[in-house]
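Okay, structure first, notes after.
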Amino acid sequence: MIIDLHLEILVLIFIIIVAIDLIVSTLRKKIKFEKEILKCMLILYLLLLVKVVILPIWIQVPYMSNVSINQMVQLIPFNTIMENIADGQYIQLVGNFVLLMPLIIGVALLKEENILNRQLFVLGVSASLVLELIQLGTNIITKTNVHIFDVDDIILNIMGVIIAIILSPIVIKMWNRLVK
């Protein structure tokens, strides 16, 4: 059995979450159109993040039932990065680098001056670790190695988080000009 988030379900979940958010915002009488657009974009991003990073989850795959923990983790720094460079597979490197950038920039846009770079960094590192630990936990529970806990993913995610923090003030200025 495979657990996945198909397009129809993703759209339905998105609509439900956005509807709940709009109801709550209306009840609080704090509706700002540009903030609601940002929240919608962040919700969609988070759903796609789950789809790309955590799903699909394979359950009871007979040929993979004897997967050891060593096949589920990669703890040697820069090992996967060097392998991908040697094989010319840059998409995984770029993907992991940019993976959390929308989260950091989105939160920075929503909070503007109310969030510190240190808080954004902690958010990014925490998100990276949580995603990798969910992948590892899923592998252990399902006894598969569909998504490997890879220290290089964390390294690339954190590099992307740092760049996103640096770019956030520029993006905030651009956004503010756009919505005014």
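Going from the start of the chain as shown, residues are counted 1 onward.
Each residue, glycine too, has its Cβ placed from N, Cα and C.
The transmembrane segment annotation in TrEMBL covers 6-25, 37-59, 90-110, 122-142, 154-172. The domain 'VanZ-like' annotation in TrEMBL covers 43-170.
Residue counts of the domain 'VanZ-like' (43-170) by helix, strand and coil are 95 helix, 6 strand, 27 coil (DSSP-based).
Same-chain neighbours of the transmembrane segment (90-110): 35, 38-39, 41-42, 45-46, 49, 53, 80-81, 84, 120, 123-124, 127-128, 152-153, 156-157, 159-161, 163-165, 167-168, 171-172, 175, counting only residues six or more beyond its ends whose CB sits under 8 Å from a CB of the stretch. The domain 'VanZ-like' (43-170) scores a mean pLDDT of 92 in the predicted structure.
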